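Record features (Swiss-Prot):
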BINDING   GLY220, SER221, ALA222, SER223, THR224, GLY225  NAD(+) binding site
ACT_SITE  GLU243  active site
ACT_SITE  CYS277  active site
Amino acid sequence: MTLWINGDWITGQGERRRKTNPVSAEILWQGNDANAAQVAEACQVARAAFPRWARQPFAARQAIVEKFAALLEAHKAELTEVIARETGKPRWEAATEVTAMINKIAISIKAYHARTGEQKSELVDGAATLRHRPHGVLAVFGPYNFPGHLPNGHIVPALLAGNTLIFKPSELTPWTGETVIKLWERAGLPAGVLNLVQGGRETGQALSSLDDLDGLLFTGSASTGYQLHRQLSGQPEKILALEMGGNNPLIIEDVANTDAAVHLTLQSAFITAGQRCTCARRLLVKQGAQGDAFLARLVDVAGRLQPGRWDDDPQPFIGGLISAQAAQHVMEAWRQREALGGRTLLAPRKVKEGTSLLTPGIIELTGVADVPDEEVFGPLLNVWRYAHFDEAIRLANNTRFGLSCGLVSTDRAQFEQLLLEARAGIVNWNKPLTGAASTAPFGGIGASGNHRPSAWYAADYCAWPMASLESPELTLPATLSPGLDFSRREAV
């Protein structure tokens, strides 16, 4: 029984699915997808649960969410292992994901009050009050790269706001989704408030096409995000929050400390085996001896990165990709760039055929035409050389995406220029592109999203504002508008 609908664990009636570890092929989870009827049922029970949940005092909803945080803390080791085994990422990194999930609770509560909540201004003859109301029934689509943390970033603020939810994890991480939902169950969520449907494309299409949905919160690829946007076009009454990928540039302008710059680049490009939406995909390096030395050192250190199993001791910097197919896709993208005329500086290599273990790749594409503007979700870094800073900014903005951008430089004025000209929602200076704070909005422009940033701003898309002018008494104004005559006429 792998679906959770209306507080009950039930068996899916759709396609049979199993999840294996992407490195060892160990079977981790087996179950059936939700079929269209079960997806519709999840929506019906969420709709039925909505009025009571929305009318709960905020403190009551907060108490359940805080109980969930306590359960995350108590079961941190267990959830860490589930995430690591299912995604292939090392144990140390999975542990940081669970920590982020725990921290998200307090941050979301603060964001609720700062971004939404209730605000009142006294007027001479009454008050002006701003309140926020939940949308209703929302669908949450989770990704596989952070199968706990990223859905959590939608689910927690949505529940705090008073919405009821249908959660579909990535079909590549069903075990994590199920494990997290079992903690929500123990936290005491009323039946129907949060529902779990497992499945792939068919389940997702059944969910996104429901007429009775009030909105959809999505984290994933640009291609799927565009499909959802088309599917919900002509339905302005539904809230749609799209958090998509990036083809992110990192500019290396002035390298005062070569090893520090190399470390920042490794953290930007290859952490999580390159499977973060903010990962650097394009490395823009200034021409000259300093840039040459930096690239040589980068290739040297990156060439020593050996991906390993989730539980290896000592722990590796990177683990496996989500699947052997994902690793193969990275290899194909590298070969495509070589065929276009790219010069390989570090060839990616499959550590073991049939697994997702893949070493990083670096390829120079300076002067190469028709390089695809796409997000290759893995450890492949494309390099361009440039002559002057204005050219670097032009190259950085030469993408349909707009998620993250970074600069390594000792010149504050260059960073100020980048802030004015960059087309990205996250712009970092001498910090990894993959560094983002939950106390700030997270999102991008262009093909990276639809102007619904998450993290600190997630509260914004989880509730709608209601403005009121209020007075406890009805009185006639002391001064009437021109043309109004309220004088008493004597009876004839």
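Glycine too: its Cβ is placed from the backbone N, Cα and C atoms.
Known features from Swiss-Prot, placed on the structure.
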residue: GLY220; record: NAD(+) binding site; CB count, 10 Å: 21
residue: SER221; record: NAD(+) binding site; CB count, 10 Å: 16
residue: ALA222; record: NAD(+) binding site; CB count, 10 Å: 22
residue: SER223; record: NAD(+) binding site; CB count, 10 Å: 12
residue: THR224; record: NAD(+) binding site; CB count, 10 Å: 19
residue: GLY225; record: NAD(+) binding site; CB count, 10 Å: 22
residue: GLU243; record: active site; CB count, 10 Å: 27
residue: CYS277; record: active site; CB count, 10 Å: 28
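Shown in sequence order, PHE218, TYR226, GLN227, MET244, GLY245 are the same-chain residues outside GLY220, SER221, ALA222, SER223, THR224, GLY225 whose Cβ sits within 8 Å of the Cβ centre of the NAD(+) site. A helical conformation is recorded for SER223 (NAD(+) binding site) in the three-state DSSP classification. You'll find the Cα of SER223 (NAD(+) binding site) roughly 13 Å from the Cα of CYS277 (active site). In the three-state DSSP assignment, the secondary structure recorded for CYS277 (active site) is coil. Separating the Cα atoms of ALA222 (NAD(+) binding site) and GLU243 (active site) is a whole-number distance of 8 Å.
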